[in-house]
């Protein structure tokens, strides 16, 4: 299965359109001459583009590849994650956004200095930079690897094309370009996923037939109310543990906070949270439907078992190429959809990294810097982070199975940062010493459990679950530390039980550690 000319044309058009939007904002309006315009889009964005951008940042290539293969393998239990979106967006809308918006901040971590002191702010910033740099390499590498395995598309050609286009429009067009390309890329993502579901269901004999096969193959899950936190996916781990993951993302993550702060008014920032909610439910349903259509097509003998692909993540692309083999151009549309997910994530990361580096690490030490020089430096930072991201993609390629570790590191770092902000907002008697000690304790606990569970599963004869990319939010919190509770042995106890904690509880556990 290989790309046709039509597929290449559609894929190239996506990259050209994304770069075009960046160039348009580089040469229009105030031409990105001030840091306000470059980093904060002049605080002039309306509700709809902000909410679609929030959605695109959340809907990464990792989620597009991961959700369908998760549902294909384990059934629709994953769909209950949708229950966590409600509180996960209501709390940021009415607790975090009002506080951060009224302070007129550029970096979320400025709040930490106002509440505690400069040391806490720098600790928060450095933690965030570490988290995003690791994650960016993986987000860039994962879709390129899947594409290479299934279509023979040159791996480093894909990585470089994505990395360079993304760096170009982020460094030239600033946050406005990032938000508007996100809007464009969200539309492409919906189109790509819908095309696959419609054509795939049609080939399987209609949606009723897909549902019948899924029921017969026991892929339709009921409500699992097992309260055991060691179970990988139950209603509680997804519906309650998921709330903390959503808060770490939508409440305190700079990439998302920057979106709210770019809104015209506080009301529009809050509204964007409400608009994201139905969009996320649609995205989740599309991912689950695609998994069921895949099951209707392949049943129990998956392309993975037959050796056509090497990992679960490549299965979705294999399925897409299989469904569209007689329809030139549509496979290109899906790959464009996949890369849109990656581009929107990475551009958000570049922009937020440039902002925190500028606002938290450079400006405080050079208070007399002119506006022109600060803007130029911000653009330079976006460019540098773009190149660092390409280097991280290279590292991700060498790491092999450590991709799983990298994803978990992402999930593990978001929790302690959430705990730090909660400590500041809800505990008036907490002081700066407590904040630093809490953050260090939270990170230590996170890495201890994360690395422990990783090491514990390594030597086992049990096959490690091939869920390198379990779709969580974002572009951001993809915790592929699939905690495989071994159904063969007795329940783990003591420290082993801690290592078997469901990855969906990581954020809740680590943020609580910080506060305690």
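Using the three backbone atoms N, Cα and C, a Cβ is placed for every residue, glycine included.
Quick look at what TrEMBL lists:
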TRANSMEM  6-27  transmembrane segment
TRANSMEM  47-66  transmembrane segment
TRANSMEM  78-101  transmembrane segment
TRANSMEM  122-143  transmembrane segment
TRANSMEM  155-175  transmembrane segment
TRANSMEM  187-205  transmembrane segment
TRANSMEM  233-252  transmembrane segment
TRANSMEM  273-296  transmembrane segment
TRANSMEM  330-356  transmembrane segment
TRANSMEM  376-396  transmembrane segment
TRANSMEM  402-427  transmembrane segment
TRANSMEM  434-456  transmembrane segment
Examine the transmembrane segment (78-101) against the transmembrane segment (155-175) and state whether at least 3 Cβ pairs sit under 8 A, considering only residue pairs 6 or more apart.
no
Sequence gap of 6 or more, Cβ distance under 8 Å, 3 or more pairs: do the transmembrane segment (47-66) and the transmembrane segment (376-396) meet that?
no
Residues of the parent chain within Cβ reach of the transmembrane segment (330-356), under 8 Å, 6 or more residues beyond its termini:
3-4, 6-11, 13-15, 18, 39, 53, 56-57, 59-65, 106-107, 109, 125, 128-129, 132-133, 135-136, 139-140, 142-143, 146-147, 151, 158, 162-163, 165-167, 169-171, 174-175, 177-178, 181-182, 184-186, 188-189, 191-193, 195-196, 199, 253-255, 258, 317, 320-321, 324, 378-379, 381-382, 385-386, 389, 474-476
Are there residues at least 6 beyond the ends of the transmembrane segment (6-27) whose Cβ is under 8 Å from a Cβ of it, and what are they?
161-162, 165-166, 168-170, 172-174, 176-177, 180-181, 184-185, 188, 328-329, 331-333, 335-336, 339-340, 343
Could you tell me whether the transmembrane segment (233-252) and the transmembrane segment (434-456) have 3+ CB pairs under 8 A, leaving out pairs under 6 positions apart?
no
Same chain only, please: residues at least 6 beyond the ends of the transmembrane segment (233-252) with a C-beta under 8 Å from a C-beta of the stretch. Say none if there are none.
54, 58, 74, 77-78, 80-81, 83-85, 87-89, 91-92, 95-96, 108, 223-227, 273, 276, 411, 414-415, 417-418, 420-421, 472-474, 476-477, 502, 504-508, 511
Do any residues, 6 or more residues outside the transmembrane segment (376-396), come within under 8 Å Cβ-to-Cβ of it, and if so which ones?
32, 35, 38-39, 133-134, 136-138, 140-142, 144, 159-160, 163-164, 166-167, 170-172, 174, 346, 349-351, 353-355, 357-358, 362, 369, 403, 406
